[in-house]
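K.L.:
TrEMBL lists these features:
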{"type": "REGION", "residues": "56-81", "note": "region 'Disordered'"}
{"type": "DOMAIN", "residues": "119-247", "note": "domain 'TFIID subunit TAF5 NTD2'"}
{"type": "REGION", "residues": "294-348", "note": "region 'Disordered'"}
{"type": "COMPBIAS", "residues": "294-305", "note": "compositional bias 'Acidic residues'"}
{"type": "COMPBIAS", "residues": "317-328", "note": "compositional bias 'Basic and acidic residues'"}
{"type": "REPEAT", "residues": "376-417", "note": "repeat 'WD'"}
{"type": "REPEAT", "residues": "449-484", "note": "repeat 'WD'"}
{"type": "REPEAT", "residues": "491-522", "note": "repeat 'WD'"}
{"type": "REPEAT", "residues": "533-574", "note": "repeat 'WD'"}
{"type": "REPEAT", "residues": "575-608", "note": "repeat 'WD'"}
{"type": "REPEAT", "residues": "617-649", "note": "repeat 'WD'"}
Amino acid sequence: DRQTLVAVLQFLRRSNLRESEEILRREARLLGDDLGGSVATVATSSPGVAAVAAVPPGKGEARGTAESVPPPGGNPRTGESVCCSQPRGLSVMLACKGAVVVEDQPDVSAVLSAYNQQGDPTLYEEYYSGLKHFIECSLDCHRAELSQLFYPLFVHMYLELVYNQHESEAKSFFERFHGDQECYYQDDLRVLSSLTKKEHMKGNETMLDFRTSKFVLRISRDSYQLLKRHLQEKQNNQIWNIVQEHLYIDIFDGMPRSKQQIDAMVGSLAGEAKREANKAKVFFGLLKEPEFDVPLDDEDEEGENEEGKPKKKKPKKDNVGSKSKKQDPNAPPQNRIPLPELKDSDKLDKVMNMKEAARRVRLGPECLPSICFYTFLNAYQGLTAVDITDDSSMIVGGFADSTVRVWSVTPKKLRSVKTAADLSLIDKESDDVLERIMDEKTASELKILYGHSGPVYGTSFSPDRNYLLSCSEDGTVRLWSLQTFTCLVGYKGHNYPVWDTQFSPYGYYFVSGGHDRVARLWATDHYQPLRIFAGHLADVTCTRFHPNSNYIATGSADRTIRLWDVLNGNCVRIFTGHKGPIHSLAFSPNGRFLATGATDGRVLLWDIGHGLMVGELKGHTDTIYALRFSRDGEILASGSMDNTVRLWDAVKAFEDLETDDFTTATGHINLPENSQDLLLGTYMTKSTPVVHLHFTRRNLLLAAGAYSSQ
């Protein structure tokens, strides 16, 4: 192939490899087109690396694994280099097979333009239908796995036609095959169908994603060999080039996966996660609670409670003591990330929390929580976010008219601190100084905070209830004081709307995620972010801190969930399986599991330690905007746009999990056929979508949403 040869010779000359260049010229003259002898594909045994070296023939054989030797009878130029995320310079031999080279072209990078091609545009339909026929006629066990190829190949072949300005062929190709794609790609196909000219492709984000990120397919070795043999027998280079250039095939040894197992895991913008992505160790255990004495006043407890309660209380008391002494083996080191010191008020709050915990209702299938629903009536401003304080004393709403409204939901009114002049008159030594600094004249049930210049999409109270975060379409995150009800800081880092923000369970740190596809970690006293978590291919729609504050989960419109390490900013887990943008995340109280909800109406459950999907809860018929575990983790509550709250049996969902090494290694997950036996109850509202859920310290479930009249 003269064009390829020219490109390689230019590359060798630029790299001052004169001797290799001479040998290659001599060899090429002798053998004409066959460059098989002069190229050795060095495929390292670890997936993810492939390099190509020009080796003088005779002086070096193809090194590496057996896979790097081209199969007899196949095309000698396509030695197998699966899983290749090649360095651009070295991948000349693989990438420029489909390239057009101008003789005097000085720069090889022009040769590597992703969609330049030499294939006959009229044959694309024939190539695709040939492959389709082959896959549909293959054995059942391989068919399900190989069918994963349809969608990425369809997109890349269509884009190649559009890029090379074969508009009528592209249109006909799209119309003929778009109906064959899986239903969960419909939204992506709608975007694709609007790209009919080369110019459309330039600024389009979806296309940039598709061209820059390799689509990941997980296929068993047997199915892969079958595909490779077919493509080489048919000399179907066009499809083989796309497989090499744009797909990352993660090959595993073992049984092929069933259609059901594959369907559970696929559906994201870039295919599945590579298995390597979920191998890193995650410290999902909880940090040790600081030790201090808990005065549990038995007298008033006995007076208030029925006979049943004191019995429950005594083991609880031991629990509090023993919990703080034993270190969780899966927990991160206490000082892995610096956490704020406990103030006296925090200790007081912890004591209150433990007292409340002593009166907590033990939930389960036989004992479901009561649900108290806060309906925002006449919310003409458009309710866009809700949060409730940990002690359930305040509720905040973010609205589309750019206001943030804070309500007290206890008889205690919201009061601001007195003015500086009045404060100077107070006796600072008196016992009730904290009461005296509050100005009674300002007491009211509702405070409205003005400052944003666009809809407020996320709100979060600090654990100590002194601060409130809000994030908005205006690209800022604001920190408000709940002592003065004024804005303290505006954090500017995102250039586009910020969809969600959340305080760390220990305060001080917070996370935000937005339309710019990144999540940022902040500290309240720094005006620049401490970490930027980049990797999602679309908007970061929701963010959540792990209970030990060492990790952050982000859900995205690219239909994946990622878990990030706060310490070093690395992505340690990628979870794929949702068929629509993710809108809610919840960690279980023990830190081992993550529940996620999306526009596909499914709740998926993940084992963080093993990096596996362990459950799927079906029942909702619309986007799930709220997920929350009860305080002890027995029940998972989900709230949706379908106007229902559903309660699920979390204990049953997580018991007897099959997380053996084989499952972890290959992703052969076995989900129960029916999630209905995990559903404990469905509670309808009249016409109120559920946007927030919260369990009080005694396990009463609070839900919130705005009444919609339609």
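Cβ atoms are placed via backbone N, Cα and C, with glycine included.
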K.L.:
So if I exclude everything within five residues of the ends of the repeat 'WD' (491-522), which remaining residues of that chain have a CB under 8 angstroms from its CBs? That is, six or more out.
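P.N.:
Residues 339-340, 454, 457-464, 467, 469-479, 528-534, 536-545, 547, 549, 552, 554, 556, 564, 566.
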K.L.:
Are there residues at least 6 beyond the ends of the repeat 'WD' (376-417) whose Cβ is under 8 Å from a Cβ of it, and what are they?
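P.N.:
Sequence-distant neighbours of the repeat 'WD' (376-417): 349, 352-353, 423, 437-440, 442-461, 463, 465, 468, 470, 472, 474, 480, 482-485, 691-692, 694, 696-697, 700, 702, 704-707.
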K.L.:
Using a Cβ cut-off of under 8 Å, list the residues of the same chain at least 6 residues beyond the repeat 'WD' (575-608) that approach it.
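P.N.:
For the repeat 'WD' (575-608), the far contacts come to 184, 187, 264-268, 271-273, 282, 284-286, 330, 538-539, 541-548, 553-557, 559-563, 614-629, 631-633, 636, 638, 640, 642, 648, 650, 653-654, 657, 659.
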K.L.:
Under the DSSP assignment, what numbers of helix, strand and coil residues are found in the repeat 'WD' (376-417)?
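P.N.:
Residue counts in helix, strand and coil order: 0 helix, 22 strand, 20 coil.
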K.L.:
Average the per-residue pLDDT over the repeat 'WD' (376-417) and send me the rounded value.
P.N.:
90
K.L.:
Count up the helix, strand and coil residues in the repeat 'WD' (491-522) according to DSSP, in that order.
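P.N.:
The composition, in the requested order, is 0 helix, 19 strand, 13 coil.
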